[in-house]
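Scroll down for the structure; my scribbles are underneath it.
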């Protein structure tokens, strides 16, 4: 089974990125977690991205705040799917700096982008990507979506 890498620019991003880690564990998908700063450890970033496929990584989830260059830079050095999570940091411009940095990628360097602080959805999307070729993961995602549906129906019934 492929592993999902969950990387972030600093430990301050972990409270947000933990949601991705938790949902991936719920789906029983192996997770590799690391701190990889685009600005403070660029050599590590390059090596991490270039070697990811050889380490059985199937998808990379990259979360960053502020200038948020991590997702785009990782995407520039790997052919693996990259999901960017814009993280609202203390010093951000209401999170827009992170969102736009990840969203506005040049042609040829795609990064799938989720909502501000949307790490849980990033984890679900990573599971869906892996589930396209791994039936066991696909079934777990289907079950998860059925559980979501059941919660909505139950909530609706409780109003009547």
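Using N, Cα and C of the backbone, Cβ positions are placed for all residues, glycine too.
Keep in mind that TrEMBL annotations are predicted by a computer and have not been checked by a curator.
A 10 Å cutoff on Cβ-Cβ distances gives residue 10 (substrate binding site) a total of 18 other Cβ atoms nearby, all chains included. Feature annotation from TrEMBL assigns substrate binding site to 10, 13, 40.
The annotation domain 'PurE' is assigned in TrEMBL to 2-152.
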For the binding-site residues 13, 40, the one whose C-beta sees the most other C-beta atoms within 10 angstroms: 13
Mean per-residue pLDDT computed across the domain 'PurE' (2-152): 96
Additional residues surrounding substrate, by Cβ distance to the 10, 13, 40 centre under 8 Å: 8, 9, 11, 12, 35, 37, 64
